[in-house]
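Visitor: To start, I am sharing the structure in question, which I have written as structure tokens.
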Amino acid sequence: MANYFNTLNLRQQLAQLGKCRFMGRDEFADGASYLQGKKVVIVGCGAQGLNQGLNMRDSGLDISYALRKEAIAEKRASWRKATENGFKVGTYEELIPQADLVVNLTPDKQHSDVVRSVQPLMKDGAALGYSHGFNIVEVGEQIRKDITVVMVAPKCPGTEVREEYKRGFGVPTLIAVHPENDPKGEGMAIAKAWAAATGGHRAGVLESSFVAEVKSDLMGEQTILCGMLQAGSLLCFDKLVAEGTDPAYAEKLIQFGWENITEALKQGGITLMMDRLSNPAKLRAYALSEQLKEIMAPLFQKHMDDIISGEFSSGMMADWANDDKKLLTWREETGKTAFETAPQFEGKIGEQEYFDKGVLMIAMVKAGVELAFETMVDSGIIEESAYYESLHELPLIANTIARKRLYEMNVVISDTAEYGNYLFSYACVPLLKPFMAELQPGDLGSAIPEGAVDNAQLRDVNDAIRSHAIEQVGKKLRGYMTDMKRIAVAG
């Protein structure tokens with residue numbers, strides 16, 4: 001099969017990369033009604049599969065789970081999760097033929113096998129749903145022309161999808177209809193109903209395309225969301241220990257530092273994160289971030305180029321065919337790093353201490369977020385999509401590191417994200433070592449002393465931070481989410 005994106009001409013590629021529209025709340029006035037009374041069969045009961053299914057059932061939809069015969073016979077985790085939550089479970093042959101909508105929520109590497117198994121069983125005119133478009137865009141899966149193909153992609157891990165729904169809200173979501181598979185023109189109605197059933201319409205929905213979702217998602221997870229956090233963790237830990245910091249303290253400062261720093265990012269963007277620093281520290285963090293952007297820009301651009309061309313996907317799929325040899329080797333090597341094996345620190349680190357002693361980490365976050373955003377936008381991806389795939393998801397990934405270091409992050413994210421993370425971090429760590437050798441006292445592990453600052457310089461730095469395009473679009477999108485949350489709570 002041919003990579004779908006590469007079969008398009010340049011005009012079509014640019015049109016699909018640039019498809020992005022923030023949908024009004026009034027467009028979801030009918031909620032999930034378009035799917036009520038219809039049979040929705042979910043294939044896969046992992047984090048997204050289970051939690052989307054729970055939300056959809058609570059929204060009044062008929063949900064069941066189709067699993068492989070072996071998974072049912074051996075009572076595997078997917079079978080246990082579905083049955084323990086009271087769902088009907090059956091084999092593909094038992095459930096797929098009656099389904100009006102089949103939702104494929106298995107891991108990327110299983111998509112081709114799953115689609116080839118379920119497609120012959122699907123009734124004429126049924127719909128096939130995805131929450132990530134890799135199989136369609138990168139693999140180039142060919143779907144029967146009578147089948148409608150849609151996507152609903154929550155911009156959060158599955159557990160968060162459920163928790164926000166239970167709070168009466170939802171998570172920001174991208175929806176799309178595959179232009180090659182919308183025979184009855186009902187794709188958007190199906191996608192909107194599915195998104196509403198998960199609660200996504202309460203947090204904001206972007207009408208996107210399979211292409212824009214895949215290319216931006218891959219770029220975000222490889223660079224700022226996972227790769228930068230992994231490279232930054234390893235580099236910062238080694239630097240602290242080399243300069244005499246207790247390994248246990250160094251580990252805690254980094255493990256929980258990302259989460260504390262990005263919580264400010266979540267609430268008020270890069271502006272608020274930088275405002276948590278003293279004026280001298282802010283000026284230093286800004287200078288460091290500008291140096292980092294200059295050093296890392298070619299690496300970010302290479303990742304984007306390889307994603308656009310399909311080079312990344314072909315390399316990863318070759319590793320799938322080789323029993324994940326590269327992925328498993330990189331995973332094992334990461335587990336043996338000094339950061340992952342360091343002892344735990346039993347003392348307390350105050351919230352402000354993470355900022356005061358983590359100026360370099362803040363600079364890394366700022367540089368990584370801005371570079372990922374800028375590189376995506378330069379490649380034709382609309383700013384709203386680039387924001388969701390860079391700044392918005394970063395606090396969620398940082399939270400996984402706070403739980404069980406890099407191990408937890410790499411367990412929670414998809415194998416696709418993990419593979420891309422290793423590609424980036426293995427290139428980024430040696431790239432930044434000369435930069436790390438030139439750091440000054442106060443950049444990491446100790447606070448920068450208070451002192452006089454140049455007012456004009458501080459003014460210019462503040463203006464540069466606040467006027468960046470990601471701050472402008474971020475303020476708008478965070479405002480939508482806040483407004484919608486108030487409406488949801490009031491309702």
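Every residue gets a Cβ built from N, Cα and C, even glycine.
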Visitor: Would you identify which residue of ASP124, ASP146, ASP182, ASP217 Swiss-Prot lists as part of the Mg(2+) 2 site it also attributes to GLU389, GLU393?
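Guide: According to Swiss-Prot, the candidate sharing the Mg(2+) 2 site with GLU389, GLU393 is ASP217.
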Visitor: Considering the NADP(+) binding residues CYS45, GLY46, ALA47, GLN48, ARG68, ARG76, SER78, ASP108, LYS109, GLN110 given in Swiss-Prot, which of GLY158, GLY168, GLY170, GLY185 is annotated for that site as well?
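Guide: The candidate from GLY158, GLY168, GLY170, GLY185 that Swiss-Prot ties to NADP(+) along with CYS45, GLY46, ALA47, GLN48, ARG68, ARG76, SER78, ASP108, LYS109, GLN110 is GLY158.
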Visitor: Whole-number Å only: compute the distance from the Cα of ARG68 (NADP(+) binding site) to the Cα of SER414 (substrate binding site).
Guide: 21
Visitor: Just checking the recorded positions SER78, LYS109, HIS132, GLY158, SER414: which sit within 10 A of GLU393 (Mg(2+) 2 binding site), CA to CA?
Guide: none
Visitor: Mind checking which of ASP217, GLU393 has the fewest other CB atoms within 10 A of its CB? They're the binding-site residues.
Guide: GLU393
Visitor: When neighbour density is defined as the number of other C-beta atoms within 10 angstroms of a residue's C-beta, which of the binding-site residues CYS45, ALA47 has the lowest density?
Guide: ALA47
Visitor: Long-range neighbours only, meaning 6 or more apart in sequence with Cβ under 8 Å: which ones does SER78 (NADP(+) binding site) have?
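Guide: Listed in sequence order: GLY44, CYS45, GLY46, GLY49, TYR65, LEU67, ALA71.
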